[in-house]
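Undergrad: Structure incoming, see below.
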C-alpha cells in the first residue's frame with residue numbers, strides 16, 4: 001500500500017476544495033487530480049497540477065498564422081498536422097506536474113530525460129522507508145537469449161521461488177544494516193544510546209536499487225510524449241513501461257485530440273529507411289524482393305518485414 | 001494602441017468566464033489574467049496562463065525532506081533559504097505563459113534565453129502589421145563615450161528631431177516596399193492584378209528591426225528570475241528593461257514571497273570577488289586600503305567602491 | 001566577397017600551423033579547417049573546431065556494453081543501429097563549432113534551435129557592415145498559391161526587376177539612415193562634429209532583416225543532425241537550406257559513417273502513421289485501397305501516395 | 001585498483017600516438033590525456049577529449065566586438081570581466097569529455113546536472129563488476145546534530161568497525177545474490193546449467209548504491225564551472241567533492257586564466273543580500289550593527305558574519 005494515512009487525508013482534503021479560475025481547465029483531469037494511481041507493488045503516479053489543454057496547442061500554433069488565416073482546419077486536423085510534421089513548439093505550451101513513487105533503478109532510467117524539472121526525496125536529509133520492489137511472478141523473466149538487452153521466458157518453479165526469496169531476503173537485510181548504521185529504530189529512537197549513528201548521506205548507500213524513492217516531475221507536453229514514446233515502447237524495461245502506460249491513460253483525459261494524434265503518428269506507424277521505402281515501392285509495383293537483393297542486412301530485413309506484417313522468408 | 005478590436009473582444013470574453021478548479025490558484029494573478037499591459041509605443045505583456053504559487057515552491061522543496069522534518073521554518077524563511085543557497089529546482093515547479101508584443105530587435109535579445117518555450121508569429125505564413133517602434137524623446141540617447149555598450153546623454157534639438165524623422169521615414173518606406181513586393185493593399189487585395197506578388201518569406205526581409213512581432217513565451221519561475229535579473233539590470237538595453245520591469249510587477253502578484261527573496265538576493269545585494277571580500281574584511285578591521293595595494297585593477301576597484309557606497313578615491 | 005583582407009590573412013595563418021595532438025583527429029576535416037565556404041551573396045560557413053569522430057560515437061555506445069560484448073557488429077552497422085533506434089546519446093559525444101555569416105532573417109530561424117551555443121556579433125557594441133542579402137534572380141519566387149508558407153513560380157520580367165530594385169534601394173537607404181544617426185562615415189569619423197551620434201543599440205533598429213550578422217555556433221552531432229533534418233528539408237526556406245546543404249557536405253568529411261546513416265534514416269525514408277502503415281499492408285496483400293475507404297483525409301492520402309511513389313488517384 | 005589490464009594497455013596505446021592538428025591545443029592537458037586519476041577506493045576521472053582553450057573564450061567574446069574594438073584588454077582581464085558580469089556564452093565555446101568511474105549514489109547526485117551529455121555503462125546489457133565503495137575510516141562520519149544534511153564527528157572504535165563490517169558484508173552478500181540470480185560465475189559460465197538465469201535488467205536491482213558504475217560525461221566549460229561550484233562546495237557530500245576537486249586541478253591545466261577567474265569570482269568571494277550589503281555599508285561608515293537591528297534572522301546574521309570573518313557576537 002503506497003500511501004500513508006497522512007497522505008490519504010491530504011489528498012482527500014485537496015480534492016474536496018475547488019476555487020474559480022479563468023484559466024484553461026480540463027474537467028476530466030480535474031476529476032482525478034491528486035489521486036494516486038498504483039503502479040508495481042508500492043509505486044504510484046499522481047497528477048499534482050497542469051497547464052493548458054488541446055485548445056492551448058491550437059492557440060499557440062495560430063499565433064504563427066495571425067491575420068488572414070483560413071479557418072478551414074478544425075482543431076483535430078491541425079493537431080494531427082502539427083504532429084505529422086514534427087512542429088513541436090505548440091505542444092510545449094502545455095505542462096503537467098506529477099508526484100511519482102518508483103524504484104531507484106527505474107528512477108535512474110527516467111532521469112536520463114533531461115528536459116524536465118525534478119525534485120526528489122533526499123536520503124541525505126531524511127530516512128527512506130522500508131519499501132522495496134519485488135516483481136510479480138509473471139514478470140520474473142529469464143535473460144533473453146536473442147537480445148542482450150531483453151527478457152525471455154518467465155522463470156518457473158524452483159528457480160522462480162529462489163529468486164523471489166533472494167530478492168526479499170537481501171532487501172530485508174540491506175534495510176537492517178541501514179537502520180543499524182543509522183542507529184535508529186522504526187520510530188526514530190536510537191537503537192543504542194551510546195552510539196552516534198552514521199550520517200544519513202552515507203548509510204543510504206547500503207540500500208539496494210529496488211528501494212522506492214519519490215519525486216515531483218514536471219514536463220511539457222512535447223517532452224512528455226517523447227518520454228512516453230521511448231518508455232511505452234516494447235523495448236523499454238517492463239517496470240518503467242508500467243508507469244508510461246498509466247501516464248498515457250492520463251494523457252487521454254488531459255488532451256484527447258493530442259493523445260489521438262500521438263497514437264497515430266508516434267506510438268503506431270513506422271519509420272522506414274530510404275532503402276526500406278524503396279523496397280516497399282518495388283513491392284507495390286509487383287516486384288518480388290528478397291533479402292539478398294534488398295540492400296538490407298538480415299536484421300534490418302527482419303525488422304522491415306515485421307513492420308509490414310509479412311513473413312521474413314518472403 | 002497595440003490591440004485590435006477583435007483582441008479586445010476576445011480578452012473581455014476570456015475574462016468574463018470562470019470555472020472551478022482544484023489546482024493551486026492565485027487570486028491576485030487571476031485579477032489581471034489576459035489583460036494587456038502596455039510597453040513601449042505599441043507593445044504589451046499579457047499573462048495567458050500559470051501553474052503553481054509560492055506554496056508549490058515550498059511543497060516541492062519539502063518533497064526532499066519527507067518524514068521527520070522539523071516544521072520550524074515557515075514558508076517565507078524557507079523560500080529565502082532556497083534563494084540564498086541557489087537551490088533552483090523548487091522554483092522550476094512553477095510555470096507562467098505570456099503573450100508579448102515586442103520590436104524585433106528586442107525579440108532578438110530575448111530569444112537568447114534558451115530555457116523557455118516560444119511560439120512566434122510567422123512572417124513566412126502571414127503578413128506583419130505596419131507597427132514599428134520609435135523611442136520617446138527621453139529615450140533617444142547618444143552613444144556613451146565611456147561604455148561602448150551603453151547610452152549617454154539624451155539627444156537634443158535638431159539632432160533629436162532629425163533622428164526621429166529618419167526612423168519614421170525609413171520605417172514607413174520599408175513598409176511601402178514590403179507591401180508593393182507582396183502586391184497587396186491594406187485589405188489584402190492585389191495592388192496590381194497582373195502581378196504575382198513576392199513570397200511572404202522573402203518580402204519580410206525588407207522590414208527593419210524596429211517592426212513589432214509577437215509571441216507566446218512560457219518559462220518556469222527559476223528561469224524567469226534568471227531572465228529578469230539580467231534584463232532588469234541597469235546594463236540591459238532600456239527597451240528590454242521596460243518589459244522586464246512590468247514582468248517583475250506581475251511576479252509580485254503571482255508569488256509575493258519569492259519576489260521578495262528575489263529582490264533581496266538577486267536584484268539587490270552584490271557578488272564580491274575573493275579579493276573584494278578580503279578588502280572588505282581589511283577595511284572592517286580598520287585598515288585603510290587603496291587601489292594600488294588592493295590587488296584589483298582600477299576598473300574592478302571602482303566597481304567595488306560603488307557597491308560599497310564609497311568614493312573610489314578613498 | 002564575404003571576407004575582409006584581415007580575415008583572409010588570419011585564416012591563412014591558422015591553416016599554416018599544425019601541432020601534435022593525442023585527440024581523435026579527422027584528416028578530411030583538418031583539410032578544410034577555418035576555410036570559408038561561401039553561401040548566398042555575402043555569407044559563409046567555416047569550421048573553427050571539432051571534437052570526436054565516427055569512432056567516438058562507437059566508443060560511447062560501447063561504454064554501455066562493457067564486459068562480454070560480442071564483437072560482431074562493426075562500426076558502420078552499430079552506427080546504423082543507433083540511428084535506426086533513436087539512440088541519441090552516443091552522437092552527443094561529438095561536437096563541432098562553426099563561424100557563420102548569415103542574413104538576420106535567417107539567423108532568426110536558426111536561433112530557434114535552442115540546444116546549441118552561440119556568440120553573435122553585437123550591434124550594441126560595434127557597427128554593422130553595409131552588407132545585405134539580395135536573392136539571385138532564380139530564387140526570387142512568387143508566393144505559393146497552394147501553400148501559405150511556401151514559394152511558387154520564379155518572378156519574371158518587370159516584376160522581378162522592380163522587386164530587385166526595391167530591395168536594393170531600401171537596403172541602401174536603411175544604411176544611410178543608420179550611418180547618419182550614428183554620425184559616422186565609413187572610417188568611423190564623425191560626419192558632423194557638432195553632433196553626438198545616436199547610441200549604437202538604437203541606431204541598429206533602422207537596418208532591415210536582410211542585413212548580415214555573424215556568429216559562432218557550436219553544437220553536438222545529435223542536435224546538429226536534428227537541425228539539418230529540419231533545415232535541409234524541402235519545406236525549409238531556401239535561404240537557410242543553402243546553409244544546411246553545405247553543412248551536410250561538411251558532415252560527410254567529418255563523420256562519414258554517421259552521415260551515411262543520417263541519409264538513410266533521416267533525410268531519406270518516411271514516417272508512416274498507424275493508418276498509413278495499415279494501408280500499405282493492405283496494398284501489399286493485393287487489396288485496392290481508395291482514399292474514401294482509407295481512413296485518411298485527402299491531404300494525408302496525397303502525402304502518403306507521394307511517399308509511396310504512386311499517383312494519388314489510384 | 002580501478003583499471004583492468006586491458007584498460008591500462010589501451011590507455012598506454014592511446015597516449016603513445018600523436019598526429020598533427022590545426023585545432024587549438026593545450027600541451028598541459030595533452031600531457032595527461034587518457035590518464036586515470038584515482039578517486040575514492042575504486043573510482044577515477046580521465047579526460048578523453050577536449051575542444052578549445054582560454055583563447056577560444058576570448059575569441060568568442062570578441063566575435064561580439066568586431067570592427068573598432070580597442071585592444072586594451074588583454075586576455076586575462078577580459079576573462080575576468082566576462083566572469084564577473086556573468087557573460088556565460090563565451091565559456092560555452094569550450095568543451096571537455098571525461099570518462100568517470102563512480103559509486104551509483106554519487107552518479108545519482110551528478111546526473112541532476114542536466115546540461116551535459118552522458119553515456120553510462122548499461123547493467124541491462126552487461127554485468128556489473130564486483131566493486132563497491134567503502135569509505136576510508138577518516139570519512140566515516142556521524143550524522144551532524146546541527147545540520148540535517150551534513151556530517152558530524154568521525155565515528156570511533158567499535159561503532160566505526162561495526163559500520164565498516166556491515167557495509168562490506170552487505171555489499172558482498174548483495175553481489176552473491178546478483179550472481180546467483182544471473183546464474184553466472186565470475187567467468188560468465190552458468191552456475192547451474194539447468195537454470196535460465198534472471199534477466200540482467202532485473203538482477204541488477206539487488207545491488208546496493210555503493211556499487212560502482214561508469215560513464216562518459218561531456219560538458220561545456222560554463223556548465224562545468226557551474227557543476228564544480230556546487231559540487232566543490234563545503235556543503236556538498238564528501239564523495240562527490242572528491243571528484244570535483246580533481247576536476248578543478250584538471251581545469252587549471254586546461255584553461256589556466258579561466259580557472260583563476262573562477263577561483264576569484266565563484267569559489268572564493270561572497271554573495272551579499274541587499275540587507276547584508278546595507279549592513280556592510282553601515283559598518284564601514286563606523287556604525288556598530290547588532291543582529292537585533294540588522295534586519296537579518298539569526299541564521300542569516302551568522303552566515304554573514306562568517307563571510308566577513310567576524311565573530312557573530314559582535
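A Cβ is built for glycine as well, from the same backbone N, Cα and C atoms used for every other residue.
Just lifted these from TrEMBL, have a look:
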ACT_SITE  C:231  active site, involved in ionization of N3 of dUMP, leading to its activation
BINDING   C:89, C:112, C:113, C:114, C:120, C:220, C:221, C:222, C:226  FAD binding site
BINDING   C:109, C:110, C:111, C:112, C:120, C:121, C:122, C:123, C:124, C:204, C:231  dUMP binding site
Undergrad: Sequence gap of 6 or more, C-beta under 8 Å: which same-chain residues meet both conditions with respect to residue C:124 (dUMP binding site)?
TA: C:200, C:201, C:204
Undergrad: Three states by DSSP: which one describes residue C:109 (dUMP binding site)?
TA: helix
Undergrad: Give the number of CB atoms, excluding that of residue C:226 (FAD binding site) itself, located within 10 Å of its CB.
TA: 18
Undergrad: Work through the binding-site residues one by one (C:111, C:221) and point out the residue whose CB has the fewest other CB atoms within 10 angstroms.
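TA: The binding-site residues C:111, C:221 were compared, and C:111 has the fewest Cβ atoms within 10 Å.
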Undergrad: For residue C:122 (dUMP binding site), write down the residues of its own chain that are at least 6 apart in sequence and whose Cβ falls under 8 Å from its Cβ; none is a fine answer.
TA: none
Undergrad: Return the residues near the residue listed as 'active site, involved in ionization of N3 of dUMP, leading to its activation' by Cβ distance under 8 Å, restricted to its own chain and a separation of at least 6 in sequence.
TA: C:109, C:110, C:240, C:241, C:243, C:244
Undergrad: C:89, C:109: which of these binding-site residues has the sparsest Cβ neighbourhood within 10 Å?
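TA: Ranked by other Cβ atoms within 10 Å, the binding-site residues C:89, C:109 bottom out at C:109.
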Undergrad: Using only the Cα atoms of C:89, C:112, C:113, C:114, C:120, C:220, C:221, C:222, C:226, which the record gives as binding FAD, return the largest interatomic distance in Å, rounded to a whole number.
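TA: It comes out at 27 Å between the most distant Cα atoms.
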Undergrad: Quick one: pull the CA-CA distance for residue C:226 (FAD binding site) versus residue C:111 (dUMP binding site), whole Å only.
TA: 13
Undergrad: According to DSSP, does residue C:120 (FAD binding site) fall in a helix, a strand, or coil?
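TA: In three-state terms, residue C:120 (FAD binding site) counts as strand.
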Undergrad: Under 8 Å Cβ-Cβ to chain D, which of the binding-site residues C:89, C:109, C:113, C:120, C:122?
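TA: Near chain D - Cβ to Cβ under 8 Å - we find C:89, C:120, C:122.
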Undergrad: Under 8 Å, Cβ to Cβ, against chain B: pull out the ones among the binding-site residues C:89, C:111, C:226 that qualify, in sequence order.
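TA: Contact set vs B: C:111.
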Undergrad: In sequence order, which residues at least six apart in the same chain have a CB under 8 Å from the CB of residue C:120 (FAD binding site)?
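TA: Residue C:120 (FAD binding site) has long-range Cβ partners C:107, C:213, C:214, C:215.
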Undergrad: Would you work out the biggest C-alpha to C-alpha distance among C:109, C:110, C:111, C:112, C:120, C:121, C:122, C:123, C:124, C:204, C:231, the residues that bind dUMP according to the record, and give it in angstrom as a whole number?
TA: 29
Undergrad: Whole-number Å distance between the CA of residue C:221 (FAD binding site) and the CA of residue C:111 (dUMP binding site)?
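TA: So the alpha carbons of residue C:221 (FAD binding site) and residue C:111 (dUMP binding site) sit roughly 17 Å from each other.
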Undergrad: Could you tally the C-beta atoms, other than its own, that fall within 10 angstroms of the C-beta of residue C:113 (FAD binding site)?
TA: 17
Undergrad: Determine, to the nearest whole angstrom, how far the Cα atom of residue C:89 (FAD binding site) is from the Cα atom of residue C:111 (dUMP binding site).
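TA: Between the Cα atoms of residue C:89 (FAD binding site) and residue C:111 (dUMP binding site), the distance comes to 22 Å.
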